[in-house]
Every structure is written in structure tokens, then in C-alpha cells.
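Below is one structure, written out as C-alpha cells, with a few remarks after it.
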Amino acid sequence: MSSPAQPEVPAPLANLKIQYTKIFINNEWHDSVSGKKFPVINPATEEVICHVEEGDKADIDKAVKAARQAFQIGSPWRTMDASERGRLLYKLADLMERDRLLLATLEATNGGKVFASSYLFDLGGCIKALKYCAGWADKVHGQTIPSDGDIFTYTRREPIGVCGQIIPWNFPLLMFIWKIGPALGCGNTVIVKPAEQTPLTALYMASLIKEAGFPPGVVNIVPGYGPTAGAAISSHMDIDKVAFTGSTQVGKLIKEAAGKSNLKRVTLELGGKSPCIVFADADLDTAVEFAHYGVFYHQGQCCVAASRLFVEESIYDEFVRRSVERAKKYVLGNPLNSGINQGPQIDKEQHDKILDLIESGKKEGAKLECGGGRWGNKGYFVQPTVFSNVTDDMRIAKEEIFGPVQQIMKFKSLDDVIKRANNTSYGLAAGVFTKDLDKAITVSSALQAGVVWVNCYMMLSAQCPFGGFKMSGNGRELGEHGIYEYTELKTVAIKISQKNS
């Protein structure tokens, strides 16, 4: 998320203490039913930060009962004024601002995110998104409809009910807010399962949710693993909607489970292999910088990463040269330290997967311009890597890498690059760089992607809908459309004695 004026970045909080490691149900802290816990790892040091209660189906069942009770007709939550729901969300945003330093430090420590980025963009984006949803709370309404006959007809936008929300590890706090903000603003109750790698900011948020004054059972947070806690949410017969951000592979399983259970509503924000097209008439400095930012931001762990870079033939060599020069300027290290540009990957599994894909690029004939291996001997660090002479059939050009790896491909014509850009099962995002307005509009209209950035990249804001085409997901988050994803539309028709226009 971007802002014209950013606050000064303080030093990270020293001597961070982990306060919350239990399951949060009914505004109270609980041990897991099984008694199990799981370790949370600092990816920069490979050391255990703490152990967290491991929720599974039994804990999800408890959370669903609490959420269903809170959603009962006549409950404090159901009878609360919509404007009061908005006030609670505004209050939560204020508490996040108060504890911004702690949350940013926790996010950087647990998720390997560069602290300055966490403080400015993650926390800044969270607070803006929460306030946006708060403002919508008393503006979600129906319409009156001039139906035929002596009938008075109107529509109602009603909350769906109990919503299961499964959060990824790459933007744990931001995705937490993207999920709960619209759900609560519309009057739903929620069960949140944070990623097992990054549960700590979600659990801290539970304490702020209670402090803000949300009634018991409205928000419940159950840390645990996908195949147990996540699967229990997807297949639960008393959950009305599931929202998931993560891989396409898991998204398919969630949609299948939703269909086999109670046909719950589903919102999915899944993987991507997003094309970024640079035409010869583009501002080269701008294009190089945004293309770099688009794939290297947060160690490449972004679903919208500009991971298929198409550069017009006449500027290809110069673009590659500048891109390599830019990548070599990166400083790797502990994300809490000042002057660091790149932190670690989230865990060993992701780290090893990235290195495997880098090796495939070397073997399949791409030219390794820089990087290409592990960095350091502690932590899950990968060198910033740039490949040139990449062809469309290589694994690095087809598979989602989710790491700091830029692959630069060459194109000759507009028609050719559009076909190549769309030749993927994904359709989350795309970028176009050109000074030609006609070309920009033509290409952005032709690209099969949920969001297209022109002469910029990864510029997100709470007011704009976000989501994917094809196998990059279903539904939208953020914006007016993202709000309505958490409502059911009801038509009410009333017989009257006489209708008058």
C-alpha cells in the first residue's frame, strides 16, 4: 500500500516479549483440546521464538459454536447498530496505531519481513484498510424496486453468518485485516486460522479485538496446520463462508471441501505468474525500478510478483544490464537491522524449493546474470537472482517461484507478447510500461488478469477491488466489491392494497 507521506521509521522494539500463544475463543485464551503445541521459527536465525497451542478439528468445533452463538438472532452483535460496528473497527485501527511498533517488530521477527517495510507498508496498509471497512459498516444497504403489481419490494444486504478465514504466511497481518475488516463490518462472526509459520501477530490482534470491545465469540483465532485445522474449517457443516489466501493447489482442496460439505460460500486469492511487459518507448529508469520492486519485494514472496518479465527486443540488453546492476545493490541480513534490503525466505521448505527452481533455470539454458544460490550459513536466505535468455518453456518461466528470482524474456511484437502473457493458467496481476496511451489501453484490456498496473507495479489501496482470473482465484477483496463478498442479498416482496408511483 502506498501513501504520499510516510511517518519516520523508528528502531525496532528491543527485547520483544511474546505475550500470546494460546487459542482465542469467546474472548478468552484456551489450551488446545489435544494438549499439543508447535514451534514458531525465526527464519533469519532458524531459532525457535516460542511454542503455540496447536488447534485441530476439536478446537475449530469449539470456535464455531462460539461464533454461531454470537451470531444468534437477538444477540448483542446482531442487534448492534451498524454505525457501532464501524466504531469498533475504528477503535481497533487506533489500537493498531498505538501498538504499531510492537506489531511491526513482531511481524519482522516472525515473518522475516524487513522492519521498515513492515512498519510503513504492512502496518500502514492494515490501518488504512481497517478504517476503510469501518466507514462502510453503516453504508451497506439494499434498494426499493418498482416491481409489477400491487407489491412493495425491497432488498436487504445481510451478513452471511459464520465465516472461516485462512491466512497466509507472506503477509500475515495485512491478510488478517483484509479478511476480518469486511466480514465484521457487515456483521458476520469469524474463525481465523493463521498460517502455522506466522501466527504471532494474529494472536496479538486477538488481545486488541477484546480491548476494543467486540462481544465474545465475534472473533475467534485458532492457530494450527492446514491439513487439520484448515481442513476442519473448509468442510465444517456450520460454517457459512470460507475465505482463503494461499496456493492454487490448496485453494482447489478448499473449494472441493466446501462443495462436498454444505456448499459454503468461497472466496479464494491464489497463486500467480504475473506478466510484466516493457515496451521500447517506456521510461527505462521507471520500468527497471518497478520491475525490480515487483519481483524482489519481500524476498519475492508476493502472489502478484512480476515473475514473467517481457522486454522488447531493441532495449533488451540495456534492460538486463540495469536490472542486474540494481539487484547487486541489495543488502541481505537480519530484517530487524538497519540498512537491510532483503530478509530470509519464510522456511526451509520454501528456501529449498527456490534453489531447486534456480538450478532448473541453469540446467535448461537460461543465462545466470547474478545470484543463484544460498546466502550466508544461518537463516533461509537466497541471493537476489537474475536470469536472462529465458524461454517460455522453462520451469522458471512457468512455475510460481515465490522467491527473489527475476527472469527476463524477449519479445518482438505487441500481438506476440499478449499471447505469451496470457498463456498461463494464472491470472492475478500484470504490468505494462509504455508512453503510448493507445498501446497501454489496448494491452491492459487484452491481458487476462484481475489487476493491471500501467507504468507502475504493486500499487494497492483499500478502495480498489483485488482478485484473480482463471486459477488465481474467485471473488474479490477490498473495495466495494470486497465488502459485498461478505453479504447475502435478500429480496422482500409485500402485498399492498394499492401501489402508487
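First residue shown is number 1, and so on along the chain.
A Cβ is built for glycine as well, from the same backbone N, Cα and C atoms used for every other residue.
Taken from Swiss-Prot, the feature N-acetylserine applies to S2. Per Swiss-Prot, N6-acetyllysine is recorded for K91, K128, K252, K353, K367, K410, K419, K435, K495, and the stated evidence type is similarity to another entry. According to Swiss-Prot, the feature NAD(+) binding site maps to 167-170, 193-196, 226-227, 246-247, 269-271, 349-353, 400-402, an assignment based on similarity to another entry. Residues or ranges marked as site 'Transition state stabilizer' in Swiss-Prot (evidence: similarity to another entry): N170. Look at Swiss-Prot and you will find C303 tagged as active site, nucleophile, backed by sequence analysis. The region 'Mediates interaction with PRMT3' feature in Swiss-Prot is assigned to 336-501. Taken from Swiss-Prot, the feature phosphoserine covers S413.
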Out of K128, K353, K410, K419, K495, which has the highest number of nearby Cβ atoms, where nearby means within 10 Å of its Cβ, if these are the modified residues? K410
Name the secondary structure element type, per DSSP in three states, that contains K419 (N6-acetyllysine). helix
Would you say which of the modified residues K91, K252, K367, K435 has the most Cβ atoms within 10 Å of its own Cβ? K91
Under a three-state reading of DSSP, tell me whether K410 (N6-acetyllysine) is helix, strand or coil. strand
Find the one among the recorded positions C303, K419, K495 whose C-alpha lies closest to that of D352 (NAD(+) binding site). C303
How many Å separate the Cα atoms of K128 (N6-acetyllysine) and I167 (NAD(+) binding site)? 19
Quick one: of the modified residues K91, K252, K410, S413, K495, which has its CA closest to the CA of E349 (NAD(+) binding site)? K252
Say you check the Cα of K91 (N6-acetyllysine) against those of the recorded positions N170, P227, C303; which is nearest? N170
Let me know the most crowded of the recorded positions, choosing from I167, A195, C303 and counting other Cβ atoms within 10 Å. I167
Take the C-alpha atoms of K367 (N6-acetyllysine) and K410 (N6-acetyllysine) and report the distance between them in angstrom, rounded. 13
Row P227 (NAD(+) binding site), column other C-beta within 10 angstroms, all chains, value 11
Under 8 Å by Cβ from I401 (NAD(+) binding site), same chain, sequence gap 6 or more: G300, A305, S307, K353, I354, L357
Tell me, if you would, which residue among N170, S413 (recorded positions) has the fewest other CB atoms within 10 Å in the structure shown? S413
